[in-house]
Amino acid sequence: SPARELTQNPLQKTWEPYNNGLPAGHSAQRGVCMTNCPTLIVMVGLPARGKTYISKKLTRYLNWIGVPTKEFNVGQYRRDLVKKYKSFEFFLPDNEEGLKIRKQCALAALNDVRQYLSEENGHVAVFDATNTTRERRETIYKFGEENGYKTFFVESVCVDPEVIAANIVQVKLGSPDYVDCSNDEATEDFMKRIECYKNSYETLDETLDKDLSYIKIMDVGRSYLVNRVMDHIQSRIVYYLMNIHVTPRSIYLCRHGESELNLKGRIGGDPGLSVRGKEFAKSLAQFINEQNIKDLKVWTSQMKRTIQTAEALGVPYEQWKVLNEIDAGVCEEMTYEEIQENYPLEFALRDQDKYRYRYPKGESYEDLVQRLEPVIMELERQENVLVICHQAVMRCLLAYFLDKPAEQLPYLKCPLHTVLKLTPVAYG
Amino acid sequence: ACGPQLANSPTVIVMVGLPARGKTYISKKLTRYLNWIGVPTKVFNVGEYRREAVKHYSSYDFFRPDNEEAMKVRRQCALAALRDVKLYLTEEAGQIAVFDATNTTRERRGMILNFAKENGFKVFFIESVCNDPTVVASNVMEVKLSSPDYRDCNSTDAMEDFMKRINCYQASYQPLDPDDYDRELSLIKVIDVGRRFLVNRVQDHIQSRIVYYLMNIHVQPRTIYLCRHGESEFNLKGRIGGDSGLSNRGKKFAVALNKFVEEQNLKDLKVWTSQLKRTIQTAEALQLPYEQWKALNEIDAGVCEEMTYEEIREQHPEEFALRDQDKYYYRYPSGESYQDLVQRLEPVIMELERQENVLVICHQAVMRCLLAYFLDKSADEMPYLKCPLHTVLKLTPVAYGCRVESISLNIEAVNTHRERLEEAKKGPNPLMRRNSVTPLASPEPTKKPRINSFEEHVAVSSALPGCVPQEVPTQMPGQ
């Protein structure tokens, strides 16, 4: 049969085959990870071991790289069902009523998982609960198999009492469960709650669980055990989990100082700083000094305006080409008026779907996210970092940290001469 | 060029494991990968030092733990190798040294840790643990029987001797123990050829990348096919870049490629293309699902896009000259360099490692970068690798490397290859090298047979003025 004709999608500028004037299937866009069957991630661990922290962070990362992911926290289902939490006694292993409710919640959550993955185009579901018994895990694994999901377990094991106490202070004392308690009462109750799980806790075992796919995280990332990684997405998840840490630090994001082209209302190009831009660079140096930051790393793009800004700081900096501003292709160095005049269709298309819109011979925000992924990964590894970049780039990075969806990303406010200081706290 | 500081203190990677566990396989493959991404890395194989010292290998008796004379020699070889490690890391600009030996005792590992401490090197252990006798036997067949040690033996005798050799190490083998004795060490334990991994105390970015790489590679037999799109309309006009469609001959190639793929009779072939029309049109003829990767797009020639080389020489004579000076580092104005390409192709390489049978339909510069990875070619050679149109390169992993077969599908096409200009003055600015991605071919301490590859091509030459490329240094102290 003759080769099919190709048509170029006007928004994304990608080539697609078509039949009788309609796009035909057959090719896939390598976004970043093409998951074929959905993946069910199952958290495992005693309370206060960071399961929810990991669930939320991983979900945020996967969504940012374009893998539709959602977390299902069974504790939340329990809070919705049992309006008022009384005490740890709810979690006693011989509390039949409690056990019934908790199992009901788990099943309700799994039902929602099924809906998300099989009916709502979700790719990954994170099932966030203790899942500390082999029996519970088998139930979930069977559920996954019945529905055609791959299952990947993430266990967090930690015996350091200081870490556990710190976790409780960070996220448990402020929980809705303890809204009417003093901190001491809440801590005492929570410690007893943990005890309820300990006797029946069956950690993932080298022999008994040898056929499962899982990662066991020990002591907040000191060591890891990884078993049977099945596919690309699991490999990416493992890599991500092995790069994140919980050491307190701050990330500073800002744009280069105002540039000569900014002044002229032109986009792109490689101009130098304007007079005011140079003043900003000096102010930035002063600001950084005042912040008194330990071991600050400074990153710039390879465009003149960010480098000039960094130069004023008087500290070493690293240039990343992937931090360069979005490539506007044929529209480089134009004003928006000129774009509207010369490329009215492009101008309109961009406003229709600013995230996916790719400039002719240029890039889209979607392309930017892909090229910024190594930056995010390295930011996760690092501690205090200042990133001097550009408007579209900064929006992408900010969307990752603040968990903003693709629709909102291209409209995030990142004005010139403004520094955003990001500090991890609790789950965000 | 750019990216995080890949490493600061030099690192010694210490392999650990009984013989025939894949230590040398991992050492060489990892070294090839690290060099390709620009981290100068070299393997130091103690067995090779031993072969230098003891010209003729007689039998496994040499490895018996009660053979005092041999123990002395073996220790001396390890020390000699460590001396060379020190030289490489402190005086030869090496960043990572892979110390490839069994290192199965705590005593030996303690000695290496002291050595590293004295010299300010980081240490990262890679242990390969495997008790599956089928795997061990298969390794012995694949790489040991053809070892210089057994050049005068038949296979059965060699196998028997080697198994006794392994036995010599068993009694004294102390595996890494990250739960207790080796708690403080940075290490990865690879169990059963990658089914399972234990990772302890990853210290820095490069160790994290090494762990990720080791977790993605596999040893399943498979084939990777690399080819370019069929000849394009622009190829016919001698124009570079752009997004043109296939010429008539290009379409014929696509049909021939379809036939070729069918004849290969592969299980589960994945097909990847770029997002440029010419590779997609080529893939369409295969009637197989294919995935489009923007990362596989041809090198961006910036202001020179869609020009002929004559037009570039006329309109941008300095750029034209600069490119021939140092084709690897040269970045087109508002475009890319081969160096940029390597960075953008790294995720493609990683995914190729994960996959099995794959056909990658791409472009000349892109194909050169990928090929340089598989064939361990340096930055210097990469931009001149021959990747003609209408020719498929079939890559099969074999022993410690990659066999390459060049298959022309016998459809005429223009020749787009420009030979290196011998008269061009070399000598790039050393500042350009710092913190940069500079693929190196893995250095070889001893002579090895080279993999021969391609046919002769007609040289294209032109005269050039000499000049030195300017480049903004990548790391500078502030004012």
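Just so it is clear, glycine is given a Cβ too, placed from its N, Cα and C backbone atoms.
According to TrEMBL, the feature domain '6-phosphofructo-2-kinase' maps to A:34-248. Among the features that TrEMBL reports, substrate binding site is placed at A:Arg255, A:His256, A:Gly257, A:Glu258, A:Ser259, A:Glu260, A:Leu261, A:Asn262, A:Arg305. The feature active site, tele-phosphohistidine intermediate is assigned by TrEMBL to A:His256. The feature active site, proton donor/acceptor is assigned by TrEMBL to A:Glu325.
The Cβ of A:Glu325 (active site, proton donor/acceptor) lies under 8 Å from the Cβ of A:Gly268, A:Ser301, A:Met303, A:Cys389, A:His390, A:Gln391, A:Ala392, A:Val393, each on the same chain and at least six residues away in sequence. For the recorded substrate site, residues A:Arg255, A:His256, A:Gly257, A:Glu258, A:Ser259, A:Glu260, A:Leu261, A:Asn262, A:Arg305 set the reference point as the centre of their Cβ atoms, and the other residues of that chain within 8 Å of it by Cβ are A:Leu263, A:Pro271, A:Gly272, A:Leu273, A:Ser274, A:Gly277, A:Leu416. Shown in sequence order, A:Ile388, A:Cys389, A:His390, A:Gln391, A:Met394, A:Cys414, A:Pro415, A:Leu416, A:His417, A:Thr418 are the residues of the chain, 6+ apart in sequence, with a C-beta less than 8 angstroms from the C-beta of A:Arg255 (substrate binding site). DSSP assigns A:Ser259 (substrate binding site) to a strand in the three-state reduction. Counting other CB atoms no more than 10 Å from each candidate's CB, the recorded positions A:His256, A:Gly257, A:Ser259, A:Leu261, A:Arg305 peak at A:His256. Look at A:Glu325 (active site, proton donor/acceptor): DSSP puts it in coil.
Note on the domain '6-phosphofructo-2-kinase' (A:34-248): its mean pLDDT in the predicted model is 95. In this record, substrate is bound by A:Arg255, A:His256, A:Gly257, A:Glu258, A:Ser259, A:Glu260, A:Leu261, A:Asn262, A:Arg305; the longest C-alpha to C-alpha distance in that set is 14 Å. The two recorded residues, A:His256 (active site, tele-phosphohistidine intermediate) and A:Arg305 (substrate binding site), have Cα atoms 6 Å apart.
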